[in-house]
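Below: one structure, written as structure tokens.
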Amino acid sequence: MENFTSGGTFFLMGFSDIREIQILHAVLFLLIYLAAILGNLLIITLTTKDHQLHTPMYFFLKNLSFLDLCFISITVPKSIMNSLMNQNTISFLGCVSQVFFFFLLASTEVALLTVMSYDRYVAICHPLRYDIIIGHEACIQMATSSWISGCLNAILHTASTFSISICGPPEVNQFFCDVPQLLSLACSYNIGELVVIGLSLLLDFGCFVFIDISYYYVFSTVLRMPSVEGRHKAISTCLPHLIVVTLFLSSGFFAYLHPLSKSPSLFDLLVSVFYTVVPPTINPLIYSLRNKDMKMALRKLLMRRYCLSN
């Protein structure tokens, strides 16, 4: 019997033991990581430099891009390095850091996605009161509250997870330190962490219900719009957001609620990719390539760069 706090090294699960597949995994993850970093940095740059994008919707989008940029940087670079170096180890402090920052950023993102759905609800269902309800101070308060809630959730999960005693080798059947796989190493059930996970899932489900209700009213209002262009713009803005939220939360719910297999599972690895790698990568594509304001801001930025270079 050994306590997590005694330190040491954890052994993570790789995607394959075949060297060629390890290299392929490293290259694929590197390309995905670079695409996510460049896409989210582009959104942060455009929403910062273009004054026409200094609105509540793009303020929240900039926060989301910063979250995604950090979120994918917690797990993917370490997985790439492990595959390239043909080793699947992570230090105790590295594992603690992954758990803490994973929950900090994931919980903050759920809260921020909920705030973004409320922003769209007010903008479409109560447009005349939008500037009063979603003012600058309200945006700051909602973003700050999202970060504070994420920080509290991360502290609770990290403290309760690493207070347990483990039996057997410290082998984590996941490509990063994820809580369900860490708890499977425990000698007995950790009631404290199970309660924290239950409360977190309950809050996440509440956020998901709130988001769905918000978009129900949004789509009901949109369908009554006389303008075809207005309907198309509203749907193209809200529907991708709803898809991303559903993918992010549903894969997370599945990973934390389904019983873990006793042996390493490639299926569990693939499920984890859907809530750790996919959302940060596709968010920039959804919010920039399908958004006319973002396209216009990008054109202006490129034209400005071209004029300065000449």
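Glycine too: its Cβ is placed from the backbone N, Cα and C atoms.
If you look up TrEMBL, you'll see 23-45 (among others) marked as transmembrane segment. Beyond the ends of the transmembrane segment (23-45), by six or more residues, the same chain brings 14-16, 61-62, 65-66, 68-69, 72-73, 76-77, 79-80, 83-84, 277, 280-281, 283-285, 287-288, 294, 298, 301 to within a C-beta distance below 8 angstroms of the stretch.
Annotation comment: TrEMBL describes 39-287 as domain 'G-protein coupled receptors family 1 profile'.
Summarising the annotation, TrEMBL assigns transmembrane segment to 57-76 (among others). Beyond its flanks by at least six residues, the transmembrane segment (57-76) meets 29, 32-33, 36-37, 39-41, 43-44, 47-48, 97-98, 101-102, 105-106, 108-109, 112-113, 115-116, 119-120, 123, 139, 142-143, 146, 175-176, 276-277, 279-281, 283-284, 287, 293 of its own chain at Cβ-Cβ distances under 8 Å.
Residues annotated as transmembrane segment in TrEMBL: 88-106 (among others).
Outside the transmembrane segment (194-218) by six or more residues, the chain places 103, 107, 110-111, 113-114, 117-118, 120-121, 124-125, 153, 156-157, 160, 179, 183, 234, 238, 242, 245, 249, 252-253, 256-257 with a CB less than 8 A from a CB of the stretch. According to TrEMBL, the feature transmembrane segment maps to 194-218 (among others).
Taken from TrEMBL, the feature transmembrane segment applies to 239-257 (among others). Here the transmembrane segment (239-257) has Cβ contacts under 8 Å with residues 106, 109-110, 113, 116-117, 120, 178-180, 197, 201, 204-205, 207-208, 211-212, 215, 268, 271-272, 274-275, 278-279, 282-283, 286-287, 290 of the same chain, all six or more residues outside its ends.
Counting only same-chain residues 6+ beyond the ends of the transmembrane segment (269-289), those with a CB under 8 A from a CB of the stretch are 13, 15, 29, 32, 35-36, 39-40, 42-43, 46, 61, 64-65, 68-69, 71-72, 75-76, 102, 106, 109, 174-176, 178, 240-241, 243-244, 247-248, 251-252, 254-255, 295, 298. What TrEMBL records for 269-289 (among others) is transmembrane segment.
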